[in-house]
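Peer 1: For reference, Swiss-Prot lists these features for the protein:
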type	residues	note
BINDING	Asp5, Ile6, Gly7, Asn8, Thr9, Phe10, Leu11, His12, Ser93	ATP binding site
BINDING	Tyr69, Gly73, Val74, Asp75, Arg76, Thr145	substrate binding site
ACT_SITE	Asp75	active site, proton acceptor
BINDING	Asp90	K(+) binding site
Amino acid sequence: MLLCDIGNTFLHFYHKGRIWKEKPYALTKKKENLPIYYISVNERFERCLLASHPHCVNVNEHIELQTQYVGLGVDRKAACRAIDNGVIIDAGSAITADVMQEGVHIGGYIMPGLEAYRRMYSDISPVLNREIEPGVNLSILPQNTADAISFGVLKSVILMIKNTSRTKKLYFTGGDGKFFARFFENAIYDNTLVFKGMQKVLEKQI
């Protein structure tokens, strides 16, 4: 069984513990006897997968989650299905936070990802068009513009997560997940959360 998470930039694949990503218009041919089960938040990229691999199974409708949140993305639902208690932080193009308690989704929120923050600053003024410096000192107030931008971005994200998690265990995933996880003692980085959630659902369905 091959699992696929179709996002807004790449298609992420999972097979026997291995994860890799492919561009939608440069997909490698998979074995015909290996069924592909996928979730998708991008219809255009989904069509790319189906054009080259017509015998795929969309499991979006099977990813159910007990929640009052309206419009929760299927990728976030799948990640939430992987745990019963804790806070899931998916730090990618956007940074999402979802709180799980006894298998119930309590709620969540969305913040810009690091690259989105950088673009927002550059839209304000060319002077603010600076890269986010991950090594900026967060213990002292900055004394220059470049550090001030990085400090403001990172500190706002970190403090928001700390305020949400408090004593709860944190599960980080996504491209910048490993970076943010190092700021928290009660955190682990697991880039397989979405696929673990998919597997849990599929075990009951097939």
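The backbone N, Cα and C atoms fix where each Cβ goes, and this holds for glycine too.
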Peer 1: So, in DSSP terms, is Leu11 (ATP binding site) helix, strand, or coil?
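Peer 2: Note: Leu11 (ATP binding site) is in a strand by DSSP.
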Peer 1: Filter the binding-site residues Tyr69, Gly73, Arg76, Asp90, Thr145 down to the ones within 10 angstroms of Asp5 (ATP binding site), Cα to Cα, kept in sequence order.
Peer 2: none
Peer 1: Would you give the longest CA-CA distance, in whole angstrom, between residues of Tyr69, Gly73, Val74, Asp75, Arg76, Thr145, the set recorded as binding substrate?
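Peer 2: Farthest-apart Cα atoms in Tyr69, Gly73, Val74, Asp75, Arg76, Thr145 are separated by 39 Å.
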Peer 1: Of the binding-site residues Gly7, Thr9, Leu11, Asp90, Ser93, which one has its Cα closest to the Cα of Val74 (substrate binding site)?
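Peer 2: For Val74 (substrate binding site), the closest Cα among Gly7, Thr9, Leu11, Asp90, Ser93 is found at Gly7.
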Peer 1: Across all the protein chains here, work out how many other Cβ atoms are within 10 Å of the Cβ of Thr145 (substrate binding site).
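Peer 2: Looking across every protein chain shown, the total is 13.
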Peer 1: Using a 10 Å cut-off between Cα atoms, which of these binding-site residues sit near Arg76 (substrate binding site): Gly7, Thr9, Leu11, Asp90, Ser93?
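Peer 2: So the list reads Asp90.
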Peer 1: Can you give the largest Cα to Cα distance in Å, as a whole number, for the residues Asp5, Ile6, Gly7, Asn8, Thr9, Phe10, Leu11, His12, Ser93 that bind ATP in the record?
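Peer 2: Greatest Cα-Cα span of the listed binding residues: 15 Å.
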Peer 1: Within 10 Å of Gly7 (ATP binding site) (Cα to Cα), which of the binding-site residues Tyr69, Asp75, Asp90, Thr145 do you find?
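Peer 2: Candidates kept after distance check: Asp75.
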